[in-house]
Amino acid sequence: MISTRLNRKTANPRLEKKTTSGPVKELLRLSAPYAAPLTIACLCVVIVNAAYLVQPLILQRVIDHFLIGHAAPRGLDSIGGMALLYLTVSAAGGVFSYIQSLLVARAGQGLIHNLRVKVLSIIQLLPLSYLDRTLPGRLITRATNDTSEISDLYTDVVVMLIKDVLLLGGIVYVMLSLSLELTLVSFIVIPVIIFLVVYIKNRIQRNFFHMKHFIGRINGFIAESISGMRVIQIFRAEREKEAQFLELNGQYFATTLTQVRLNSILKPASDLFQNLSIAILVWYGAGKIFGGSLQIGVLYAFTTYIKQFFAPISDLADKYTSIQSALVSTERICELFREQDRLEAPEEGLPVERLDGAIEFKHVWFAYNDADWVLKDVSFVIKKGQTAAFIGETGAGKTTIISLINGFYRVQKGEILIDGINVNNIRLTDLRRNVSVVLQDVFLFSGNIRDNVTLGDDIADEAVRDALRASCAETFIQDLPAGMNEPVTERGGSLSSGQRQLISFARALAHDPAIFVLDEATANIDTHTEKLIQQAVDNLARGRTTLIIAHRLSTIAGADIIIAMKNGRIAESGDSAELLKRGGYYAKLLEESRSHAASC
Amino acid sequence: MKAFFLLRFFKSRKFSYAAGFAFMFAASFIQTLFPKVLGSSVDLMKERGFALHPVLMNVLWMVLIAFAVFVFTFLWRNMIIANGRNLECYIREELFRHLLTLSPAFYGKRKTGDLIAHAINDISAVRMTFGPATAMSFNGIVICISSIYFMFAAVDARLALLTLAPLPFIIALMLYIGRKIQSRFRIVQDQFGLVSDKVQENISGIRVIKAYAQERSEIEKFGALSSGMAQSNVNLIKVSAALPPLIEFGFAVCFVINLFYGSRMVMRGDISVGDFVAFNGYLSLIVSPIVSIGRVVTIFQRGMASLGRLYDIMSVQPDVTDSPHALRLRPEGEIELRHLTFYHDGARVPALSDVSLRLSKGRTLGIIGPTGAGKSTLAALLLRLYNTEPGQILLDGRDIGDYSLTYLRESYAFVPQDTFVFASSVKDNIVFFKDTYGDEEVEAASRLSLIADSISRFPDGYDTLLGDRGVNLSGGQKQRMAIARALIRNPAVLILDDALSAVDTVTEGRILESLRRARKGKTNIIISHRISALMEADEIIVLDKGFIRERGTHEKLLKKGGMYYDLYTAQQEDGQPQA
């Protein structure tokens, strides 16, 4: 399946051209600042190549002139002189090849550093509406693999490509200038070599994709089995899993055997053709030498040049594939660059140091994808300092409402006002610093607990401690060996989900927001921790406008305003007493849970 | 026993290894004949009016050598290198088989990521060692020895000694720089790890970063890491780029020595021009084996380290195994715990202390208690994921350790807190890769666990792929699927370990109702935080810190006014409607 996809891609040259012209231009633009070092590197390459070409010529002169011709040495034109020349040429080649590598490395690394930072900045500033649609894994690949793929293009491919092409040209030139006839004879073998190398490399490459595919699946399978080992053992499915694994492993093994077979032809083929071409040269050259129209040294030089010919051709076939994959990476990164005009501008808009926290939704319509309305004509007012509870079934639009308040998405119709200002006009940084959102799934950065509360902002230790105390997190943190400096990992590691929630409350409190938004979690927390969380929420809500997606009756009943959502519309709103009187969704909910409790 | 798995592999392939090495020896040796033939042709041709016939004979020899080397190389590669691949797959199989036998105690101590790294990197390092690196070194040794032999014996010993004099220095330099490259390479890898961790963290945590307007400072932090990595890359290249030119120059010195002294010897008539040419040929033959010494050493070092790590894992003995006389008998569901006390590995406080209870067949037991009370440990012990002292857990009156693991576990079904969904079809996840169940059974189990409606709404029904590449189930759907997975086995004992935490109370009630019907006459154990899930059990135990604090029926425990009563009133206040 993979190979057919590749074939289709190359079978459509028009499409190919269209997609690659952009990245090439973009690459050139990115490398413009490094034009000077890269040009010097290319000049170095010329010298290195020249050194390679001259070495066989020196040997040829020694053989023909001195060893067979018995010419008298004249100054530097002697065996000693030739030896000195050989040494000098080799040394110069080495020095310039080192210089070239360093120049390319500096340029390549500089370029890649800029690229990496640029890619990450773009990702950071993309609106969530874009990020929601993109798999996180894909974004991670952009910033790591794709950038280093392009880096390889610079460090390895481009300069080596120039080097190889120049070397090939140089060899042909020197060969022609030595003997036209012998050059033609040598070229009997070269087309065969080129064909063989390109053909087999191509097949190896295709097979390599299969290998990668299978090894990817195998590794995924092992990872899954290790994570799910408990269930596998409890359900006694070891034999079934083993059979699945053996099948995958067997398929992979078959592809590796193909790889071994192909490589077993390609690797010794280089020696085969070198040896064969030397045999042909000697066979053809013997007659010429007999007739006196060819010198032995020239014949010998030719055998060396044919050897030198093989490596760059083999390299070129490899480079071709790396260029292709680098172009794919470039295209992907360019795609990201094209999103640049959609980026959020955190510093633009009306600066508001401190918001009061009065919220008004005015006929808000919103859809994540411009087609399916998630919020339909939603209007409500929450006064400064009030607590609002949102209730309703999953998918009713509760989470969407809280994502709109801090400007994560822009509404299509209607407007959202905070302190009477449209949220779209408030400076994003100020808006978000005034609104703290605590989601069900708490994200902790690797670092320590303090860092996770301050998030790098300048907040004094005393304030952090206060925030932790008010969030009821102080007790368990005191029990940790390093207290506030206890290291935490991304997914929390040793901390329970309730404890992570408490830390995220402290994070919100320490930033002293005007508006506090909470998605209340319920699952998998024992009654004791639940009590702590409730206490922390009460502390946080004090003196702040608070919006809660509520699950607990106690939270809902204590709210100043209850908003019941249904299918993207507000079904009913008001305080607990009003809604009970109404006898709608809220009243039913209350009754249901009471009756359930009563049946206990 | 298991640690000798490598030896077993080599023994089983001893013939293909022997043949492979024989062919390799032939290929390498024949290759070294080539310069000699070329040199002799030069000698033949240097005289005026030479006879053509012997030269053509030499040409024929060259063609023969060329093809012989090709054929023999093709053959040995297909044996030695293919064996390396075979070894790779063999080790992976052995490792996977071994992993399947290891107990939760082992997995509790190891990070999943590390184990996967073993499976990927260590196996590949071992393959490199026993495949290409072994071949390269053997091949290189044969080529070097026979080349140097011909240099000494067939050309001239003094010239050979002089010319090869720089070799030890080249090798020493190479190994020295190689070590430097290694250490700088490690720095680059560490930096790369930091950079990709940061990228990953920033992307997973993007909502928090945006919510707290941390974009700028995060980009700055990343910039510092990224430029650190760029710098260490340049540092690496500073040494690594020096190696090839230095080696080439070292060999250039060898060539120059030959050029200078060799041609003088030709002029003095000590050796012939052909010898000189052949000598040059031998010198170029040994270049590539010598150059690869550094690489081979590194591969061997890594391979041995990896092999050590693999041995360590392979020699871990599984804790829980069948006894030699294990009963091939299915327990019927009569459970008795006698003063069960259990310590987790290395723990000073027992996870369960003096727990005794009797659950006769067909009854339902409820277990409630705070986090860390030992509820899940108790379930794990009943499944014999850990070993217990003989006589502490009895099934149908016999010790749990007497039963064969297969029969024991096949008589249970267990629904854990966090359901593990395999990246496979819905059906596979329910039948759990066993092909003994028909479609009707799958559907019946799904209906009983109230997941059938959800499944029918999936794009491909029961064939819908789940996981990363397919549909993502909600927490409640996962739990209901796990219940279907358990019910289809119609087990003697069903254990629900907080298995209804993600479904709302109304659905919970309906599932419990359908369970009561389906599980009539069979033994059930329900573990939960929520009283609503277990209040209808025949007996309820309240666990706290490993002890049974209270036991009895719902009504009895409410009357008692203890821990159970407190939990009940706390949960009544909250009501917890999952709207």
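Glycine is no exception: its Cβ is also placed from the backbone N, Cα and C atoms.
No curator has checked TrEMBL annotations; they are predicted automatically.
Positions annotated as domain 'ABC transmembrane type-1' by TrEMBL: B:18-302. Taken from TrEMBL, the feature domain 'ABC transporter' applies to B:335-570. As annotated by TrEMBL, transmembrane segment applies to B:55-76, B:133-153, B:159-177, B:239-261, B:281-300.
Stretch with the most C-beta contacts under 8 angstroms to the transmembrane segment (B:133-153), considering only B:159-177, B:239-261, B:281-300: B:281-300. Outside the transmembrane segment (B:281-300), and at least 6 residues removed from its termini, the chain residues within Cβ reach (under 8 Å) are 31-32, 34-35, 38-39, 125, 128-129, 132-133, 136-137, 139-141, 143-144, 147-148, 150-151, 155, 163, 167, 170-171, 174-175, 177-178, 182, 243, 247, 251, 254-255, 258. When Cβ-Cβ distances below 8 Å are used as the criterion, the transmembrane segment (B:159-177) is approached by residues 148, 151-152, 239, 242-243, 246-247, 250-251, 253-254, 257-258, 261-262, 265, 271, 279, 283, 290-291, 293-294, 297 of the same chain, each at least six residues removed from its ends.
Sequence-remote contacts of a segment are chain residues at least 6 beyond its ends whose Cβ falls under 8 Å from one of its Cβ atoms, and for the transmembrane segment (B:55-76) they are 19-21, 23-24, 26-27, 30-31, 33-34, 37-38, 40-41, 44-45, 135. Across all of the domain 'ABC transporter' (B:335-570), the predicted model scores a mean pLDDT of 88.
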